[in-house]
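> Not my notes, these are from TrEMBL:
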| type | residues | note |
| --- | --- | --- |
| BINDING | A:Gly171, A:Asp172, A:Arg173, A:Gln174, A:Thr175, A:Gly176, A:Lys177, A:Thr178 | ATP binding site |
| DOMAIN | A:28-92 | domain 'ATPase F1/V1/A1 complex alpha/beta subunit N-terminal' |
| DOMAIN | A:151-389 | domain 'ATPase F1/V1/A1 complex alpha/beta subunit nucleotide-binding' |
| DOMAIN | A:396-519 | domain 'ATP synthase alpha subunit C-terminal' |
| SITE | A:Ser387 | site 'Required for activity' |
Amino acid sequence: MAEVNPAEVSAILKKQLSGFEAEASLDEVGTVLTVGDGIANVYGLANVQYGELVQFEGGLEGIVLNLEEDNVGVVLLGPYRQVREGSVVKRTQRIASIKVGEGIVGRVVDTLGNPIDGKGAIEGETYEMPLERKAPGVIYREPVTEPLQTGIKSIDAMVPVGRGQRELVIGDRQTGKTTVCIDTILNQKEFYDAGEPVYCIYVAIGQKASTVAGIAKVLEDKGALAYTTIVAANASDPAPMQVYAPFAGAAIGEFFRDTGRPALIVFDDLSKQAVAYREVSLLLRRPPGREAYPGDVFFLHSRLLERAAKIIDNDDIAKEMNDLPDVLKDKVKGGGSLTALPLIETQAGDVSAYIPTNVISITDGQIFLTSDLFNSGVRPAINVGISVSRVGGNAQIKSMKKVAGTLKLDQAQFRELEAFAKFGSDLDPATLSVIEKGKRNVEILKQGQNDPYPVENQIAIIFAGSKNLLRDVPVDKIREFEKDYLEYLDAKHRDTLDTLKSGKLTDEVTDTLTSVAKELSAKYKNKE
Amino acid sequence: MKGTRAAQRYAKAIISLAGEKNVTKEVKQDMDSIIKTIAGSNDLRNLLSSPVVRDGIKKSALKEIFKDANGVTLGAFDILIENGRINNLDAVAKQYLKIYHGTSGMQEAIVTTAVPINTNLEAKIQNKIKELTGAGALLKNVIDESVIGGFILRVGDLQYDASIARNLNNLKREFKDNTYVSKI
C-alpha cells in the first residue's frame, strides 16, 4: 500500500467536512408504503412536484414520476436495500438537476453529476442545470452552417455533420458505431489545441464498466479527456439512472451551448435507454404499447434530441432564451451549439423496428453501419448509399463540397456496376473505368481506428480519387500511396493544404495536387 | 396503509352523516374505542379479515362488542360488511380521526425522543408546533432510543428533525460519499 501522508488525510477530511451543517431541519415528509423493483410508493408528500428529487433515509435519492390521489410513485436512483416500509421520505424542493461548471471537463460523472473517477470533487464554480429542460424556441436558433469535422473521410465527404445537427449513428452490434463517435471526439483535439475547443460529452448508457473505463483510457491517452466529460450509467446501475443519463449529458452540453461555445454529445446508446425506460414505465404500471414500450417513448427521445441546437449569434436575443436556469442568466452568450450523435443498435439490420424508426424520424439524417461491409474489410463500415445528412450540406467547407460533390454519385454507380463485374464477363472500357475508380475510392475511404484525418488531408486524397488520378496505382497499394501522398504534401506543399483548409480550391491548388498525385502514382506503376 | 383510499371515502361519508346529525363527537369516541379494541384483540382482527366467517356472524359480533355505539357507527358496520370492506375497519376509523382532528383544528403531533418528555418540554414543543403550523396539536410521545438525543417532531406532512441521530447520519454520509475513490 502506498504511504499515507497525514497532512493530506486531514486536508481531505477538512474538505469533506466543510459542507457539513449540524442544524435542525424542517422538511416536508412522507412515508414509504411499498418498495420494490426500484420503485417506491410514498404516502404523504402532498406538495411534491413532478420530477422533484426526494431523499430517503440513508441519503438515497429518487425522482417523483407518478402523482396520484393519495400516493406518489418514486423511482429510486441507487441501491434501495435500506429503504423499508414506513421509512421517512423528504422533499428536497429541487427539480432533478446536475451541477455543471468548467471543472466538469475531463471528469467521469454519474447521472446525478457525482464524480466517479476518484479525482475528488468537481472544482470551481458550479451551476445547477435541470435534467429536463425545454429545447430553445425557433427565435433563438440559427440554421446549421458551421461544420463539425468528424475526421472520418466518408462522413465528412458524403454525410457531413454541422454544428447543432442531430445525426443518428445506427447499425448492428459490432459494426463500429462507438468507434465512429470516439474518433469524432478525438478529432476535436485539433480545435482544442487551436484554443477553440469543441466540448465533448460521451454518455455511456447500460454499458459494461470495463468498456467505459477502456474508453476513458483511450480518450486520456490521446489527450482528448482535456475537453471531454463522460457521463456513465453502467449496466449495473438502476434503470432510472440509465434513463436519465442522456438528460444529464444534455444538461452539461447546454451549459456550454448557452455560454456561447460549441459542444458535441454522444448518446451511446439510446436503444438501451429506451429499454431502461420501458422497465421503469412497466414497473410504474403505465400501459405498454408497441413492443411493450410506453406510449411516450417517442417523446422521450424527441425532447432529448430537440435540445441539440445552434443558438443565434446575437447575445441580446440569446439572453431572452426560454427556460434558462436563473443561475445561468448573466452568463448567456449567443453563437453556441450542441451537436448530438445518438447511437441506435439494430437487431440483424432491422431498421423498421419501433425505436430505430422513431429516432430516424427525429434526427437530421443517419449514418448506417452494416456488418456486411465491416466483415468485408471496409472500415469504418459506413453504407454511404443509405446514409444521409439532411442539413449538413450547408455546413461543409467549400473546398470539400467541390471535391466530394460527385463522390456519392460515383460510388452509387460503382455499386450498381459492381454486380456485373462479378460475372466476369467482358466489360466495355467505360464500365471498367467506373469499376476501377470505384474500387480505389472504396479503398481511399477506409480508415484505421482512432486515426482521424484533418480536413485538408481528406480533401487532398479525395480529390486524387474523384479525379481518377490513381488509376495507375494498384488497389492494394492505395493505402500506401495515400500515406506517401499526404506526407509529401505536408512536407513540400503545406501552403496548398492550408488553402484547402481555409475552404478555397484555386486552380493553383488543383494543379499542385494533380502533379503530386501523378508523380507519386508513376512510382507505384513502375513497381508492378 | 393498505386500502387507505377506500378508507378515506368511507370515513368522509361517516363524518358528513355524523355532522348532519350533530354526533361527530360521539362517533369519534366510538372510533377511538374501535381502534383500541382492534389493536388489543387478535381474535377480532382475524374475525374481520377472515373470508370464511359469514357476514351475518361478523355483523352480530360487532354489534355485540360495540353495543353502546352510536347509530351512525352501527350503520357504518352494516355498509362496510355489505360492501366487503369490513377488513378495512381499522383504517376507516383512523381516517375518521384524522379528518375529525383536521376539521376541529386539532392535529396530531408525534414527538420521538430517546427519553420521555416532561411537561416543561411539552410546552416548549407546543410553542414550536404553533410556530411551524400556526395551530396547536395533540402531542403523542414515542420513545425511540435510536434518536440518541434531541427530538423529531412530526405534524402531518411536516417533520422537524433536531435529533443527534440525524446529525450523526449526515456526518457519516459526508464521509461515505468519498469522491477520491474511483467507482469505475
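Note that Cβ sites are derived from N, Cα and C of the backbone, with glycine treated the same way.
Please treat TrEMBL annotations as automatic predictions, because they have not gone through curation.
The model shown is predicted, which means the values in this text are computed figures rather than measured ones.
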> Cα distance, A:Ser387 (site 'Required for activity') to A:Gly171 (ATP binding site), nearest Å?
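If we compare the Cα positions of A:Gly171 (ATP binding site) and A:Ser387 (site 'Required for activity'), the gap is 11 Å.
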> List the other residues in this chain whose Cβ sits within 8 Å of the Cβ centroid of the ATP site residues A:Gly171, A:Asp172, A:Arg173, A:Gln174, A:Thr175, A:Gly176, A:Lys177, A:Thr178, in sequence order.
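Once A:Gly171, A:Asp172, A:Arg173, A:Gln174, A:Thr175, A:Gly176, A:Lys177, A:Thr178 are set aside, the remaining close residues are A:Glu345, A:Leu369, A:Ser371, A:Phe374, A:Ala381.
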> Can you tell me the CA-to-CA distance separating A:Ser387 (site 'Required for activity') and A:Lys177 (ATP binding site), as a whole number of Å?
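Answer for this pair: 13 Å between alpha carbons.
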> In the domain 'ATPase F1/V1/A1 complex alpha/beta subunit N-terminal' (A:28-92), how many residues does DSSP call helix, how many strand, and how many coil?
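So the domain 'ATPase F1/V1/A1 complex alpha/beta subunit N-terminal' (A:28-92) is made up of 0 helix, 38 strand, 27 coil.
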> Kindly assign A:Gln174 (ATP binding site) to one of the three DSSP-derived states: helix, strand or coil.
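The residue in question, A:Gln174 (ATP binding site), is coil (DSSP, three-state).
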> Have a look at the binding-site residues (A:Gly171, A:Gly176) and report the one with the fewest Cβ neighbours inside 10 Å.
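Checked A:Gly171, A:Gly176; of these binding-site residues, fewest Cβ neighbours within 10 Å: A:Gly176.
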> Would you mind giving the whole-number mean pLDDT across the domain 'ATPase F1/V1/A1 complex alpha/beta subunit nucleotide-binding' (A:151-389)?
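Computed over the domain 'ATPase F1/V1/A1 complex alpha/beta subunit nucleotide-binding' (A:151-389), the mean pLDDT is 96 on the 0 to 100 scale.
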> Return the residues near A:Gln174 (ATP binding site) by Cβ distance under 8 Å, restricted to its own chain and a separation of at least 6 in sequence.
A:Ser371, A:Phe374
> Could you tell me which of these binding-site residues, A:Arg173, A:Lys177, has the fewest other Cβ atoms within 10 Å of its Cβ?
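Least crowded of the binding-site residues A:Arg173, A:Lys177, by Cβ count within 10 Å, is A:Arg173.
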> Using Cβ-Cβ distances, find the residues under 8 Å from A:Thr178 (ATP binding site) that belong to the same chain and are at least 6 apart in sequence, listing them in sequence order.
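Long-range Cβ contacts: A:Ile215, A:Asp268, A:Leu343.
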> Judged by the number of other CB atoms within 10 angstroms, which among A:Thr175, A:Ser387 is the least packed of the recorded positions?
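Among the recorded positions A:Thr175, A:Ser387, the lowest count of other Cβ atoms within 10 Å belongs to A:Ser387.
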> For the domain 'ATP synthase alpha subunit C-terminal' (A:396-519), how many residues does DSSP put in helix, in strand and in coil?
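For the domain 'ATP synthase alpha subunit C-terminal' (A:396-519), the helix, strand and coil counts are 92 helix, 0 strand, 32 coil.
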